[in-house]
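All remarks here apply to the structure that follows.
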Amino acid sequence: HEREHDREISELIAKHEEEMETLRAELNKEQQHLLDELRQQMTATHKAEIEQAQLQSQTLHSLELEALRLSLNNMHTSQLELTQSNLTKEKETALVELREMLNDKRAQEVAILQSRHQMEWEKNKQQCLKEKEDL
């Protein structure tokens, strides 16, 4: 029974780890998808702003155009860093919540298994006592 109990606990731990890996992969995939979308949006926005800047370049001084480009790049970089930071925080929060949920589930399953083990042990003990009395 102890081996059975240990095996069940090992299976639960393996299942828990597998679920954690699956969820990590899903979160990474979702984060990458969101980053790709943001990059595409930023590229489109950047392209549109560059085209507009090129139309205005006939009247603008070259230093003003360079300052605009640098400002735009800094804004995009800051926006990307902020978005990436927010996604990382959301991912970490989701992982913490998931870990807590899985730990709670595992604790419940372990308690159930321990209770079942205790009941079986008591049953075996009673059966043994009965057999002793019969003898």
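Note that Cβ sites are derived from N, Cα and C of the backbone, with glycine treated the same way.
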TrEMBL annotation (coiled coil) - matching range among 6-40, 41-75:
6-40
Per-residue pLDDT averaged over the coiled coil (6-40), given as an integer:
93
